Amino acid sequence: YSPALNKMFCQLAKTCPVYLRISSPPPPGTRVRAMAIYKKSEFMTEVVRRCPHHERCSDSSDGLAPPQHLIRVEGNLRAEYLDDRNTLRHSVVVPYEPPEVGSDCTTIHYNFMCNSSCMGGMNRRPILTIITLEDSSGNLLGRNSFEVRVCACPGRDRRTEEENFRKKEEPCPEPPPRSTKRVLSSNTSSSPPQKEDPLDGEYFTLH
């Protein structure tokens, strides 16, 4: 996980623990929902799903999860896999469990079952995973999100993206003053070269 990017880098089908910390105990019957959406506005209405190849590769180890669902919960038989009637978006819901003794976080283990680069699936389009805390009636109690990239080399990709992000945040250095040769003349005058303003740096705010 990269705090600077608010982005998780992981491998396909590998365990990804997500830690939930809440300010006060929620009411009985509270549930935790995880849903993936496309980050860019032009793709937001599309459902994030596995590519046809990984869908076909599903086997009995998938358990309760439908083959087209990208996000799965590991080690929880109470997980429910749902398709929204209106948006058709996929989500997985588990009952909220309080933190274990000595911890202030609830841990849920997720798996992401398709690579970000898969054709016919995410196809290199960035996704957000949205985690919501809901009461038994479906009312929203809390929400958070982070970007996810599923790839073969998470460590390498994280370092590359963090370096690119830092470069974009740094303002461009001011160019050195130009050295010019002038011919002295009694009847001409020359004005000094105008100083160039440094380019403004680009800043990105992650929500």
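Keep in mind that glycine also has a Cβ here, set from the backbone N, Cα and C atoms.
The shown structure was predicted, so the numbers you read here are calculated from the model rather than taken from an experiment.
Per Swiss-Prot, DNA-binding region is recorded for 1-168, and the stated evidence type is similarity to another entry. The N6-lactoyllysine feature in Swiss-Prot is assigned to Lys14; the stated evidence is similarity to another entry. Annotation comment: Swiss-Prot describes Ser58, Ser145, Ser191 as phosphoserine, evidence class similarity to another entry. The region 'Interaction with E4F1' annotation in Swiss-Prot covers 132-170 and rests on similarity to another entry. For 149-156, the entry in Swiss-Prot reads region 'Interaction with DNA', with the evidence type similarity to another entry. Under the heading phosphothreonine, Swiss-Prot lists Thr160, citing similarity to another entry as support. Per Swiss-Prot, the feature N6-acetyllysine maps to Lys181. Annotation source Swiss-Prot lists motif 'Bipartite nuclear localization signal' at 181-197, citing similarity to another entry. Feature annotation from Swiss-Prot assigns compositional bias 'Polar residues' to 182-193. Taken from Swiss-Prot, the feature region 'Oligomerization' applies to 201-207.
Nearest in space to Ser145 (phosphoserine), taking C-alpha to C-alpha distance over the modified residues Lys14, Ser58, Thr160, is Lys14. Here the modified residues are Ser145, Thr160, and the one whose Cβ sees the fewest other Cβ atoms within 10 Å is Thr160.
A gap of 32 Å separates the Cα atoms of the residue listed as 'phosphothreonine' and Ser58 (phosphoserine). Reduced to three states, the DSSP call for Ser145 (phosphoserine) is strand. The two recorded residues Ser58 (phosphoserine) and the residue listed as 'N6-lactoyllysine' have their Cα atoms spaced 15 Å from each other. Of all Cβ atoms in the protein chains displayed, 15 besides its own lie within 10 Å of the Cβ of Ser58 (phosphoserine).
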